[in-house]
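Here's the structure, in structure tokens; my notes come after.
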Amino acid sequence: MSDSLLARKYFDGIYIPAGLLVFGTAIVKREWVVYAILAAIALGSLKFYNNLPKNVLKPDAFQDFELKEKTVISHNVAIYRFALPTPSSILGLPIGQHISIGAALAQPDGSSKDIVRSYTPISGDHQPGYFDLLIKSYPTGNISRHMASLAVGQTIRVKGPKGAFVYTPNMVRHFGMVAGGTGITPMLQVIRAIVRGRATGDATQVDLIFANVTPQDILLKEDLDALVTEDKGIRVHYVLDKPPAGWTGGVGYVTSDMITKWLPAPAEDVKILICGPPPMVSGLKKATEALGFKKARPVSKLEDQVFAF
């Protein structure tokens, strides 16, 4: 994230104080003006450096981050906002990568076990000072249940970045995406980066199939619909396993016919991204191969045509 050197914070915090220092010195003792200029440059440079965004993630060490805010979306879904060390701090998370959350959780036999799970923030490095996680809590979930139990002021342990996928503008002509449930988070991260990059020439097209059980399960629908309205290069196709009367979207599991109808055809400048429950990911890997896409590996690599998060 970079700010214009003409931003208000630089005038208020650097230029005006430096000018006052030099001006005041010129009035009181003109022969010291040169020293005042040097001091103003040194202090201004230090202030400028301190204002630069600082990456806080460490790939090989967990760090504690405090929960500042919890926004309940439904009975088992919430957005958790965690504070970074300073207002100008950023995670330093490349688009497409994720973080690891660890916790020592009590086991049925009374012992404690370190559990680690991966999550993709729905915020980005263009939003300094905090990061947001969208998490759905499952009855059998370890970390997700732990997160649901957190109160504001408590902390979680985080390390990263992790993951084989890193988005760069125009890396492909067209993304086909398939997400199930909370698998929407890495897709949203990439889509938002594409939309932000339009001003600097990112022309990537996106078609996303988002599969859920009921309309109430569609996470961040308002955000997705707003992106579709804002950007003609983004299209979202909703699929429900249990649709209500009058539903006009897809019905059931994501099928080969849906992929053919809504996603780009196989080509060298096309990539398919998948994120969702393991059975869904496994089925989609087979379906895409049958449709002519290159066979997906058990563990995806960045260069793969079909990449599963």
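The first residue you see is number 1, and the count goes up from there.
Just so you know, glycine gets a Cβ as well, placed from its N, Cα and C.
Taken straight from TrEMBL:
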| type | residues | note |
| --- | --- | --- |
| TRANSMEM | 32-49 | transmembrane segment |
| DOMAIN | 60-168 | domain 'FAD-binding FR-type' |
| BINDING | ARG117, TYR119, LEU134, LYS136, ILE143, SER144, THR185 | FAD binding site |
| Whose Cβ lies within 8 Å of the mean position of the Cβ atoms of ARG117, TYR119, LEU134, LYS136, ILE143, SER144, THR185, the FAD site, other than those residues? | ILE101, LEU133, ILE135, MET147, THR182
| Segment-level pLDDT (mean, integer) for the domain 'FAD-binding FR-type' (60-168) | 94
| field | Chain-internal residues near ARG117 (FAD binding site), provided their CB is under 8 angstroms and they sit 6+ positions away | value | SER100, ILE101, ASN142, ILE143, SER144
| field | Most Cβ neighbours inside 10 Å, all chains, among the binding-site residues SER144, THR185 | value | THR185
| Chain-internal residues near LEU134 (FAD binding site), provided their CB is under 8 angstroms and they sit 6+ positions away | ILE73, VAL77, ALA78, ILE79, ILE122, THR182, THR185, LEU219, LEU220
| query | Could you give the maximum C-alpha to C-alpha distance in Å for the residues ARG117, TYR119, LEU134, LYS136, ILE143, SER144, THR185 that bind FAD per the record? | reply | 17
| Same-chain residues at least 6 apart in sequence whose Cβ lies under 8 Å from LYS136 (FAD binding site) | ASN76, VAL77, SER144, GLY181, THR182, LEU219
| remark: Going by C-beta under 8 A and a gap of 6 or more residues, the same-chain neighbours of TYR119 (FAD binding site) are HIS98, ILE99, ILE101, LEU133, ILE135, THR185
